[in-house]
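Visitor: TrEMBL lists 84-128 with the feature domain 'Homeobox'. If you look up TrEMBL, you'll see 86-129 marked as DNA-binding region. Marked as domain 'TLC' by TrEMBL: 131-332. Residues or ranges marked as transmembrane segment by TrEMBL: 140-160, 180-198, 263-291, 303-328.
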Amino acid sequence: MFSELREQIWADWIWFPEGHGWDDLKDHDGKVFPKTQDLWATIPIALCFLVIRQIFERTVAIPLASLMKVSDKQRVRASPNPVLESYFCSTSKHPTQSSIESLSKQTGCSVRQAQRWFRRRRNQDRPSKVKKFREASWRFTFYLLAFFAGLAVLVDKPWFYEMKMMWEDFPKMPLLPSQYWYYMIELGFYVSLLFSVASDVKRKDFKEQIIHHLATIALIGFSWLVNYIRAGTLIMLVHDAADYLMESAKMFNYAGWRKTCNFIFTLFAAVFIITRLVILPFWIIHTTWVYPLTLYPPFIGFYFFNGLLFVLQILHIFWAGLILRMVIKFLPGNLNLSLRCTIVRRPSMKNKQPKQGN
């Protein structure tokens with residue numbers, strides 16, 4: 001029964017255009033093709049990345065953080081309070097006003113003291129700037145090396161310049177050693193990010209990042225299985241083109257180099273928009289979604305692959321909105337307006353009059 005179900009799931013007509021199938025991906029005449037079992041290599045590669053990351057952070061990232069004077073302000077720790085600690089850990093880190101009043105009665109402290117306790121307790125759990133810097137520097141290093149490695153893999157390939165050639169002789173394109181290692185290293189890295197998600201800094205777009213990682217892993221893995229490797233390498237290169245700029249902007253932000261951070265982040269925004277809102281949808285996705293229909297009738301694998309690309313594209317549009325809002329804040333006029341608003345809203349102590357009693 002299991003073998004019959006497996007045969008139905010992996011039927012040729014589901015994953016390949018009419019007239020093609022898994023037999024096209026069998027090695028012959030010295031030509032090597034991608035195989036399902038090759039993907040198991042990403043697990044040890046991911047584990048190696050976790051080990052290398054620890055070594056890198058201790059030997060490179062921490063000394064670099066010290067050199068760039070990355071430091072945290074000393075945080076006031078919340079005083080021990082079993083009742084408040086129990087509520088903080090098991091119920092909510094952000095209690096409502098009614099909960100604060102109830103907790104203050106239970107502990108014998110004032111409402112303001114309870115609010116202050118929760119604020120200090122939340123600050124204790126916030127990751128330090130050094131931890132954020134370590135994480136950003138690791139990702140910056142990988143994305144930078146991966147981008148230039150991807151360029152080296154693709155720069156002499158005809159489909160890098162004429163994307164329609166990614167479908168030439170599909171799916172019978174033999175696998176190149178450079179493509180093999182590019183795929184395994186990229187996929188291993190994204191798997192390592194899933195392994196480390198529990199210990200990494202959780203940001204506001206944590207859920208979107210998880211969806212992005214899962215969609216990326218599924219996209220890379222599936223493109224390997226059905227030999228969409230030419231398209232896959234182009235997609236990975238487009239993603240790496242902007243990521244190292246974002247991580248470097250974070251590094252300078254944690255170091256307090258505001259002008260450098262703003263400049264690099266603005267450059268990142270420009271590269272992000274060009275690569276992910278122009279090149280990816282109008283060149284790559286057009287070549288994977290529109291052009292193949294002139295060659296083959298649509299099939300389920302065609303819809304599955306492009307569906308994953310559309311998931312990534314939706315996330316890119318979401319992030320582009322956040323990025324543009326941040327860039328707008330960097331504009332000189334907005335900075336001056338923000339400064340003036342801060343001055344106007346902040347009351348002067350000299351003009352404050354003491355309240356008169358009735």
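Keep in mind that glycine also has a Cβ here, set from the backbone N, Cα and C atoms.
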Visitor: Which sequence-distant residues neighbour the transmembrane segment (303-328)? Criterion: at least 6 residues beyond either end, Cβ under 8 Å.
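Guide: Those are 205, 208, 211-212, 215-216, 218-219, 222-223, 226, 228, 235, 265-266, 268-269, 272-273, 276-277, 280-281, 284-285, 288-289, 334, in sequence order.
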Visitor: Give the mean pLDDT for the domain 'TLC' (131-332) on the 0 to 100 scale.
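Guide: When the pLDDT values over the domain 'TLC' (131-332) are averaged, the result is 90.
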Visitor: Let me spell it out: take the DNA-binding region (86-129), skip the flanking residues so only those 6+ beyond its ends count, and list any with a Cβ under 8 Å from a Cβ in it.
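Guide: Contacts with the DNA-binding region (86-129): 70-72, 75-79, 201, 254.
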Visitor: Please indicate, using numbers and ranges, the residues of the same chain that are 6 or more beyond the transmembrane segment (180-198) and have a C-beta under 8 Å from a C-beta there.
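Guide: Residues 34, 38-39, 41-43, 45-50, 53, 142, 146, 149-150, 153, 210, 213-214, 216-217, 220-221, 224, 229, 232-233, 236 contact the transmembrane segment (180-198) from elsewhere in the chain.
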Visitor: What residues in the same chain, six or more past the boundaries of the transmembrane segment (263-291), come closer than 8 Å to it by Cβ-Cβ distance?
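Guide: Contacts with the transmembrane segment (263-291): 163-164, 166-167, 228, 231, 234-235, 238-239, 241-242, 245-246, 248-249, 252-253, 305-306, 309-310, 312-313, 316-317, 319-320, 323-324, 326-327, 330.
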Visitor: Treating G and I as helix alongside H, and B as strand alongside E, what does DSSP give for the DNA-binding region (86-129) in helix, strand and coil?
Guide: 32 helix, 0 strand, 12 coil
